[in-house]
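All remarks here apply to the structure that follows.
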Amino acid sequence: LTGVLDDCLCDIESIDDFNTFKIFPKIQKLQERDYFRYYKVNLKRPCPFWADDGHCSIKDCHVEPCPESKIPVGIKAGSSNKYSKAANNSKELEDCEQANKLGAVNSTLSNQSKEAFIDWARYDDSQDHFCELDDERSPDAQYVDLLLNPERYTGYKGPSAWRVWNSIYEENCFKPRSVYRPLNPLAPSRGGLGSVCLFSWAGLCLEKRVFYKLISGLHASINLHLCANYLLEETWGKPRWGPNVKEFTRRFDPAETKGEGPRRLKNLYFLYLIELRALSKVAPYFERAVVDLYTGNGHEDAESKALLLDIFRDTKSFHMHFDEKSMFAGDKKGAKSLKEEFRLHFKNISRIMDCVGCDKCRLWGKLQTQGLGTALKILFSEKEIQSLPENSPSKGFQLTRQEIVALVNAFGR
């Protein structure tokens with residue numbers, strides 16, 4: 001993949017060099033720190049758009065909840081959390097067992113981690129939050145160690161997975177009229193599976209092009225991680241994970257995708273640029289002394305913040321950022337209406353992630369969607385960020401720990 005990206009003055013080679021030599025080594029270190037490795041998520045929220053479609057990993061292959069002894073005690077809802085030990089006795093299908101095993105979320109936590117959550121909760125509650133996320137106070141929300149639950153192929157595929165992406169593209173995305181999504185794998189073929197016609201942005205304004213590219217880039221990122229960390233074989237109960245070149249080719253090769261694959265990869269670079277821009281814009285928020293990456297370990301907290309500020313300095317040194325000022329720049333009434341439409345579409349997509357049948361896929365889908373949502377929130381709040389008081393929390397712009405963790409890990413992906 002080479003050349004200039006559409007809608008920005010940036011070439012792919014410059015992004016590759018900048019990421020490989022400056023950003024990636026540091027962001028990888030940051031993701032391993034306690035503040036960024038624990039993400040609180042509710043994997044039990046029901047799909048709000050359609051009834052569960054019977055895929056085994058949805059109904060019969062649920063991850064078993066944490067036993068009482070292992071529940072993180074720092075959950076903000078306090079002692080109201082009660083997890084019933086509903087063991088899964090249904091072992092009807094072999095592939096169901098496989099999906100359960102591959103998709104299982106490892107929810108074990110050390111005693112040290114659990115004690116830290118009490119302090120985190122206390123610290124978080126003392127902050128003046130701009131908004132409170134629904135998941136935070138739910139009795140079903142629990143901390144997950146992201147390092148123990150890497151994003152990789154879990155066996156989740158077919159009509160259930162197709163339905164999620166189809167709903168995102170067809171019902172919640174400003175899609176170019178000429179781009180056709182792959183047809184339902186179970187439906188009778190109408191002109192061939194995955195048919196794509198010539199690409200055209202006719203009639204689609206910059207803001208809607210940006211929205212489509214972000215969702216396509218997110219999709220490409222997820223698919224890339226599934227191809228790069230694929231279950232290659234399982235001998236004597238020991239799985240071997242690694243790159244699956246055949247699967248990568250099927251999803252991204254120009255010949256296999258009727259020319260669409262390279263465009264998907266370009267959209268991934270575009271997503272990178274948007275999140276990179278958000279990191280450079282939010283730097284003043286974190287540069288204030290009042291903001292700590294609080295875990296209770298003063299030395300580690302200081303090191304984490306120093307590393308994050310170092311990454312911010314790198315993001316500011318990049319000379320080919322996407323210019324978000326060109327968005328929503330028309331007449332005020334039209335721009336405000338379009339911005340709200342943009343926000344509602346994105347909110348809907350984040351809700352669709354609760355329809356993902358595999359828990360591990362749902363975890364990473366929710367995290368990356370929230371990370372992108374946080375990036376958009378930052379880009380649309382520049383004035384509020386610039387006018388933040390130095391020594392006190394502000395109601396004008398605030399990030400929760402969840403949003404910070406999601407932003408850094410989504411960009412890390």
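Each Cβ is built from the backbone N, Cα and C atoms, and glycine gets one as well.
Looking up Cys361 in TrEMBL gives a disulphide bond whose other cysteine, out of Cys355, Cys358, is Cys358. Around Cys361 (active site), the same-chain residues at least 6 positions away in sequence with a Cβ under 8 Å from its Cβ are Gly103, Thr154, Tyr156, Ala161. The most densely surrounded of the recorded positions Arg152, Ser216, Arg251, Cys358 is Cys358 (count of other Cβ atoms within 10 A of its Cβ).
His219 (FAD binding site) sits 16 Å from Cys358 (active site, nucleophile), taking the CA atoms of both as reference points.
Arg152 (FAD binding site) sits 12 Å from Cys358 (active site, nucleophile), counting Cα to Cα.
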